[in-house]
């Protein structure tokens, strides 16, 4: 019996060696023999959403879908992710199939529009081909496609109004996703697809809502976010923003179905300070008594809007509270959530990284990650890189 088992092992080893020779080293491996690179993330701009995602942000090298009704905040969330990727020195691209990108608004959200790669393609095939070429360059950190509904097949554009083109867009999306998925993983690029809602006809039970572009995107997405506007924020009777709820309807990286709520202020985007304040109160890091907010026995102010402005004027205090929130929810110590870093460094010194990680784990290391300079935004969502 032992001899037969030994022969089987030799046969497997010979097959693995032949596969490596034919397809290249690393084409196949035993999972236990390979130190898996930890999941790298791009923060969304909302600490509540980063926590709901379970890993501290949007995963690198994966497909992400954001969908919801009109004016719910889909593009705002995408632009914040672009800004955070750029803030860490990354390169971002925006495929504007809707021809509706507002550069001024993007700048207000922190996007470096001078270095942002923008394309306004004529057809869906052109848009996805451009995205594929950018991803395969290996230099891109995030590419946003806005939106799937606007990826019109060439045959439909060249045809007449009223012509039937059944399944063209679905086939286009299915083919494109088959092509780019492997390239995304190899390059560490996040592909963020913004999608619109439609309603199915004749549905009497369950939700009639569905997304455009067929079912392929639902399968290929590692994360799917449902964005909804739930309330209008007002100041002195005038609307100043929206209260937004995001539900993680699919998550391959962490437990799904978690929800996050945050404020989107008109002309400013996601209120980082408002999100920090909400999470701090929820976790007991800050106290709320009536309309007064207190942090470590010091009163921050009366009324959420005043405290939000106070935290905005005192970024060091906001960073301190955010740091405590990330530690409280376990994201900082989570080995799956690490700061975003350059493509190509994920597998560097794997053996050494494992050794350092094991040493830290045995000592119960709780040291905070550095959070200064250009890497501050992304360093706060993960542990130190073991090197």
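For all residues, glycine too, the Cβ spot is worked out from N, Cα and C.
Feature list (source: TrEMBL):
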- 38-197: domain 'RecA family profile 1' (DOMAIN)
- 68, 69, 70, 71, 72, 73, 74, 75: ATP binding site (BINDING)
- 202-275: domain 'RecA family profile 2' (DOMAIN)
- 332-387: region 'Disordered' (REGION)
- 351-361: compositional bias 'Basic and acidic residues' (COMPBIAS)
- 362-372: compositional bias 'Polar residues' (COMPBIAS)
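Here the features listed in TrEMBL are placed on the structure.
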residue: 68; record: ATP binding site; CB count, 10 Å: 24
residue: 69; record: ATP binding site; CB count, 10 Å: 14
residue: 70; record: ATP binding site; CB count, 10 Å: 8
residue: 71; record: ATP binding site; CB count, 10 Å: 11
residue: 72; record: ATP binding site; CB count, 10 Å: 22
residue: 73; record: ATP binding site; CB count, 10 Å: 25
residue: 74; record: ATP binding site; CB count, 10 Å: 25
residue: 75; record: ATP binding site; CB count, 10 Å: 24
Please list, in sequence order, every residue of the chain apart from 68, 69, 70, 71, 72, 73, 74, 75 whose Cβ lies within 8 Å of the Cβ centroid of the ATP site.
227, 229
According to DSSP, residue 68 (ATP binding site) sits in coil
